[in-house]
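K.L.:
The structure that follows is given in the form of structure tokens.
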Amino acid sequence: MRKIILASGSPRRKELLELASVPFEIVVSEVEETIGAYSSPSDIVMSLALQKASAVAENNSDHIVLGADTIVTYESRILGKPSNEDEAKEMLQLLSGKTHEVYTGVAIIAKEKTVTFYERTEVTFWELTEEEIDTYVASKEPFDKAGSYGIQGKGSIFVQNIQGDYYSVVGLPIARLVRELKQFDIDVTHA
């Protein structure tokens, strides 16, 4: 029996698959993420998702492997995960009072085919005070999240508006993923 393998150690992606009753196992991709010369954020996230899934699929060719990647962009600037407090504060100051875009790319690899897709969501932040930013950064929540915030956590209080898929901002566009899995004869809507 084919298994679904999530090529990610992200606790948020794990929670979203569990929420949707998708049966899966985790094999963390150890691939070094490389961003080449891509023309768009959507190309970047789909390429990174494919890199992660491909690395795990090499040793799991009889199964279905899922890879995903999320980035935040503001005015053509890519905001990944912050490497320190100053970088986290800088990102949050940049996003304060403005609308930014969150892209999550997904790759599904199986013997018979490979599917990649992405979702784009616009998120608008309230104006943030320096104290709000300092307190949030001190909580350590920003450090494993693209754009330095978690919409599903304490960072939720910064969000004024969202246009698009909330779960994509969390890290996995689960409704779209469930529909795409039907191409691989996986239907969790009747489970």
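The chain as shown is numbered from 1 upward.
Yeah, the Cβs are placed from backbone N, Cα and C, and that goes for glycine too.
When I checked Swiss-Prot for this same protein, it listed these features:
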type	residues	note
SITE	ARG12	site 'Important for substrate specificity'
ACT_SITE	ASP69	active site, proton acceptor
SITE	THR70	site 'Important for substrate specificity'
SITE	GLN152	site 'Important for substrate specificity'
K.L.:
According to DSSP, folded down to helix, strand and coil, what is GLN152 (site 'Important for substrate specificity')?
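P.N.:
Assignment for GLN152 (site 'Important for substrate specificity') reads coil.
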K.L.:
Quick one: Cα separation, GLN152 (site 'Important for substrate specificity') versus THR70 (site 'Important for substrate specificity'), in Å?
P.N.:
14
